Each structure stands twice: as C-alpha cells, then as structure tokens.
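Enquirer: Below are the structure tokens for one structure; questions will follow.
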Amino acid sequence: MSWRPTYRSSKFRNVYGKVANREHCFDGIPITKNVHDNHFCAVNAKFLAIVTESAGGGSFIVIPVSQAGRIDPHHPKVCGHQGNVLDIKWNPFFENIIASCSEDSSVRVWEIPEGGLRRNMTEAMMELYGHSRRVGLIEWHPTSSGILFSAGYDYKILIWNLEIGEPVKMIDCHSDVIVCMSFNTDGSLLATSCKDKKLRVIEPRSGRVLQVSLTASREGFTIYLLYRDKVSLFISFTETRFHYLSLLQRQESLCVCSPHLE
C-alpha cells in the first residue's frame, strides 16, 4: 500500500522568484504618485509606458522594451494632457496605439512611432470629451478594436466609437466613483466595482445591469471577470484575501482564499 501525504502538494511549493539583473531593469524613471488605485504602467510586446511625475500637466514616458537600463531623465514624453494622467492602456489590436485619461476630463488616443519617441509628443491622434469630471479609468473592448470604455468621477461610463470620435452609449447605473472595470474574454459582459461597495455585472451592448451584489469588502476593490467553461468567475481582491464568485452563485463566494502573511 503506497503512502500518500495528508497535505495537498503544490507544483509551486519550492518555486522562488529571482530578482532581475540590473541591466534588465528600467532605472531612473520618476514614477507618478497621483494615479490613486489605477494603473501607472502598461506594457505590450513593443513598448513599456509609465505615468511620470510632471509639473504643469500630466505626462507619461514610452520606452521600447528592448531599451532596458538607466533611462535618460530628459527622455521624450507624451505630454498633451492639462491635468495628471490617471490611467493608460495599450490597444490590444494595434501595438503602437495607446489611450490615456486624465484629471482634465479628457480621454486621448496616441500613436507611438516605430522605435519609440524621439521628441515630446503633444498632439494626440484623437481627443475625446464627454465626462463632466476627471476620468479615472479606461478599458479597450477585447474583441472590437475601435471601441473604448471610459469611467469618470461623474459616476458614468462612456462607450466611445473611435471611428467617429463620439460616445455611442452611456452607462449610468452607479451611485459613486467607479473603481475598476473588467470584461470577460468575448466582451459580452462588463463587471464594475464601485465605492458604494457594490459589484455590478453589465451587458455593455444594452447597458442593462444583470446583477448587483453587495460586498463586505472595503470601499473599492479590484475585480477580474473570467470566462471558464461557460461560467463567469470573479476574483475580488481585498487587503488580505480574495474571493472566487460564480454568476451561478448569485451572492455567495465559492471560496475565500487568504494569503500567508509570514
């Protein structure tokens, strides 16, 4: 009779991370402190973009991923916004296209030249205005290359058609600031978390709210809407734990996982 351990073995039990060598790091970048809980960094197969500290308006730096090492403090920047940049996202279909949003209530779309910036870029290929307050989040639709979502501090989500440069729909179902947006893989569902501690599942095409769940977590939490075996799962992160939720289980977590803190 073979002996089996009473604990569950893990493939990652003896796997340890290795700190990258200095020559493989990006050093000397003045990273912003004004993005709140949003993304200050975005990367794709070609470029690394990082929101930077700046005076007199918002800016971010774009560096080819092959250009590791210490970055020149005078490296060219994308600096067309009049307020702090709060979020940046690369277009998943076109690697030279990046969108940004700012405290100046605008969303801008930029085209980065091949090889990176050689001078400061101040003119965007598209400027989008529709929010009445600052714009904190942007998200590209995962299956439609010309569709961009933006969430503002006016509690609204605007859906932009970049072919015409206009919002084609507004989702107005939130009662407080939207903290996070996430699509499932085919873009048929949008999940949002809000400072009102509610988790919403929205059908983007119609704007209809399919589900609202009140969470016990702190105000604002990060969510990821997954698509697995035709069941959508949430991973809702709080300060010390995360929850797996299923749309089939409308209110309760499938499980709660707490990380080891020691």
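Using the three backbone atoms N, Cα and C, a Cβ is placed for every residue, glycine included.
From TrEMBL, here are the annotated features:
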type	residues	note
DOMAIN	5-69	domain 'DUF1899'
REPEAT	78-120	repeat 'WD'
REPEAT	128-170	repeat 'WD'
REPEAT	171-212	repeat 'WD'
Enquirer: Excluding the flanking five residues on each side, which residues at least 6 beyond the ends of the repeat 'WD' (128-170) place their CB within less than 8 Å of a CB in that stretch?
Expert: 36, 38, 83, 86-94, 99-109, 176-183, 185-187, 190, 192, 204, 207
Enquirer: From the DSSP assignment alone, can you count helix, strand and coil residues within the repeat 'WD' (78-120)?
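Expert: Breakdown, helix to coil: 0 helix, 19 strand, 24 coil.
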Enquirer: Can you work out the mean pLDDT of the predicted model over the repeat 'WD' (78-120)?
Expert: 95
